[in-house]
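S.K.: Have a look at the structure that comes next, please.
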Amino acid sequence: MPRSFLVKSKKAHSYHQPRSPGPDYSLRLENVLAPGGADGTSSAGGAQTEPRGRLSPESQLTEAPDRSSASPGSCEGSVCDRSSEFEDFWRPPSPSVSPASEKSVCPSLDEAQPFPLPFKPYSWRGLAGSDLRHLVHSYRPCAALDRGAGLGLFCERAPEPGHPAALYGPERAAGGAGAGAPGGGSAGGGAAGGSGLGLYGDFGPAAAGLYERPTAAAGGLYSERGHGLHADKGAGVKVESELLCTRLLLGGGSYKCIKCSKVFSTPHGLEVHVRRSHSGTRPFACEMCGKTFGHAVSLEQHKAVHSQERSFDCKICGKSFKRSSTLSTHLLIHSDTRPYPCQYCGKRFHQKSDMKKHTFIHTGEKPHKCQVCGKAFSQSSNLITHSRKHTGFKPFGCDLCGKGFQRKVDLRRHRETQHGLK
């Protein structure tokens with residue numbers, strides 16, 4: 001291949017190499033900026049100015065040029081022949097000016113006279129991170145989520161006075177500057193911060209124990225499982241939204257009643273259960289069966305049971321039910337399906353509720369207590385039957401002789417022994 005072709009090819013690809021201005025580049029630039037002479041003096045004002053082509057881009061952002069010597073509307077001494085009305089907004093390119101010098105010819109934003117408000121451009125390298133925070137908008141989808149120490153969701157501003165975070169004492173608020181707090185370590189290291197976790201404890205798998213949370217509203221009937229969350233004594237149910245957000249973030253969790261061992265998926269469900277079942281006040285009683293309730297709405301829902309017809313019949317034994325769910329549970333008896341075994345004796349049950357009632361025999365727990373005589377029972381149905389002794393209510397009556405009974409089993413026995421019916 002001819003050597004001349006190689007030389008031409010090398011010159012054709014010379015744009016890969018960085019260009020450096022020639023020796024007469026600055027001289028030509030000064031001539032363009034100051035046509036009156038090469039020494040930088042202007043023929044109009046006569047003031048001594050520094051050639052603008054030698055200024056760096058950063059200096060143009062932070063330093064405004066001095067235009068006190070020339071009038072804003074004057075185009076005298078410039079390279080353009082346009083009207084002076086648009087002098088401060090646009091300057092046409094010159095054939096003898098390079099692209100680098102063409103940028104320096106354009107006036108800075110401080111020279112734009114028609115704008116009523118002054119514009120101060122920022123040099124981003126000259127500002128600290130704290131000075132730029134007002135330019136960034138924070139995204140806060142949930143106010144309770146940006147306090148998760150183990151998840152790196154802290155927020156710098158303090159919580160509102162009515163926020164659940166204010167329920168924690170000042171000693172925990174001061175501990176938020178530990179390893180899990182912002183500035184005290186990485187986001188992933190919050191779980192190992194110990195006392196530095198201002199609001200939460202260890203969120204790891206090792207914290208899957210039971211943590212009792214005494215409250216004034218529930219009388220110490222709560223227990224939390226799965227996250228090791230701690231709340232101050234007397235905080236009450238105001239931290240329930242906080243616990244719920246944590247449960248959603250960490251992917252699961254359950255809340256167990258320490259009185260009857262019933263498990264709920266949300267703290268609100270546990271609170272309603274404690275208030276209705278273990279608060280000790282059930283002033284609303286059913287006139288048909290004598291069953292008592294803690295709320296009037298629960299009594300109204302229960303009265304619908306007595307008015308409904310038994311439209312769901314079992315095809316095996318002919319027993320009728322008012323709800324399809326009750327019939328489905330009844331069919332487990334005929335299929336002999338017992339999926340719930342007792343952890344103490346191995347006895348199996350059709351329903352989980354029956355298995356829990358059976359475990360009270362082994363543990364000796366009697367969570368249901370009579371408010372009149374103080375007698376305790378392991379099952380709520382036994383407490384309901386016992387309460388009829390104090391009220392004298394007999395909901396089961398014989399249709400042959402009219403005699404009433406407090407229990408259905410007593411009515412069945414009466415029909416068999418006195419009337420010969422089965």
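Numbering starts at 1 and runs along the chain as displayed.
Keep in mind that glycine also has a Cβ here, set from the backbone N, Cα and C atoms.
As the structure is a computational prediction, the values presented were derived from the model and not from experiment.
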S.K.: Which stretch does Swiss-Prot mark as zinc finger, out of 128-150, 220-242, 312-334?
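M.R.: So the range that Swiss-Prot calls zinc finger is 312-334.
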S.K.: Identify the zinc finger range according to Swiss-Prot, selecting from 183-206, 255-278.
M.R.: 255-278
S.K.: Averaged over the region 'SNAG domain' (1-20), what pLDDT does the predicted model reach?
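M.R.: Residues in the region 'SNAG domain' (1-20) carry a mean pLDDT of 51 in this prediction.
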